Amino acid sequence: MEIIVLPDADAAGRHAAGIIARTIAARPRPVVGVATGSSPLATYRELAALVARGLDVSRTTAFALDEYVGLGPEHPQSYHAVVDREVTRRLGLDPGRVHVPDGSARDLEAACAAYEQAITAAGGVDIQLLGVGANGHIGFNEPGSSLGSATRVKTLAPGTRRDNARFFGGDPEAVPVHCLTQGIGTILRARRLVLVATGAAKAQAVATLAEGPLGAYCPATALQLHPEATVVVDEEAAAQLALREYYDFARDHARDLPAPPA
Ligand code: GLP
């Protein structure tokens, strides 16, 4: 796992946006996995700036990680609406190519299976952007989730409902109890993972996901299983990393190796 520590959230967003932009530019039909929450907002802002400077996203398909059960696209806090506001419109993506799990489907299990099939039919996710919950969740895979899970219905953790109450007028009871989320197995099938975490509230989750024992207690530790995972953090989120000296040393010498033979 590559750990990049940068001074602040803007620098982290710029770095993550650069990685995503290079993937988009390199693929004829790029498939990008997008995340909600505050962590990726700086990344979307930077990507929008790159689009304004000529990055072509017209052939880009996007898949969101998750959605609340029972909130239709018309609800401003549904992830359909959030992704539309923060990603589709900002970047100028074709709305027909942006997919979010259907949390208001009558048959939720069928909606989950259809979502997995849609990802496969698109050729799989080239690059998945992730945030991390303070409890180590990725998507809405709460602690205790199977590390091999597929898209499915999950129950939110009480702490996640409290964390997300800020989007629902401050009332944790107003936050839906259930969600649909890509599984950890789904996320691990993406060809590249980029996780962005900023702020002191994420310091413990970041230390555990990067260095802690792999396990369901911290679902984000699953990134340790992925061959192409990059974690981009600011100083506050990096505060509890034990191997910080090594990460900075590796970053500073990343370009020292001889180029591979042509
Ligand atoms: C939310 C989302 C996650 C997100 C996480 C952290 O509940 N389902 O995808 O990464 O919690 O959110 P934030 O970035 O706002 O701290």
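From the backbone N, Cα and C atoms, a Cβ is placed for every residue, glycine too.
TrEMBL has this to say about the protein:
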| type | residues | note |
| --- | --- | --- |
| ACT_SITE | Asp66 | active site, proton acceptor |
| ACT_SITE | Asn135 | active site, for ring-opening step |
| ACT_SITE | His137 | active site, proton acceptor |
| ACT_SITE | Glu142 | active site, for ring-opening step |
| DOMAIN | 10-226 | domain 'Glucosamine/galactosamine-6-phosphate isomerase' |
| SITE | Ser145 | site 'Part of the allosteric site' |
| SITE | Arg152 | site 'Part of the allosteric site' |
| SITE | Lys154 | site 'Part of the allosteric site' |
| SITE | Thr155 | site 'Part of the allosteric site' |
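With a CB cut-off of under 6 A applied against ligand 1, the recorded positions Asp66, Asn135, Ser145, Arg152, Lys154, Thr155 are reduced to Asp66.
In sequence order, the active-site residues near Ser145 (site 'Part of the allosteric site') (Cα within 10 Å of its Cα) are His137, drawn from Asp66, Asn135, His137. Confidence in the domain 'Glucosamine/galactosamine-6-phosphate isomerase' (10-226), given as mean pLDDT, stands at 97. You'll find the Cα of Thr155 (site 'Part of the allosteric site') roughly 12 Å from the Cα of His137 (active site, proton acceptor). Cβ-based neighbour count (10 Å, all protein chains) for Ser145 (site 'Part of the allosteric site') stands at 22. The recorded positions under consideration are Asn135, Thr155. Their Cβ neighbour counts within 10 Å are lowest for Thr155. For Lys154 (site 'Part of the allosteric site'), the same-chain residues 6+ apart in sequence whose C-beta sits under 8 angstroms from its C-beta are Phe140, Asn141, Glu142, Ser145, His178, Cys179, Leu180, Thr181.
Long-range neighbours of Arg152 (site 'Part of the allosteric site') (same chain, six or more residues apart, CB within less than 8 Å of its CB): Glu109, Cys112, Leu180, Thr181, Gly183.
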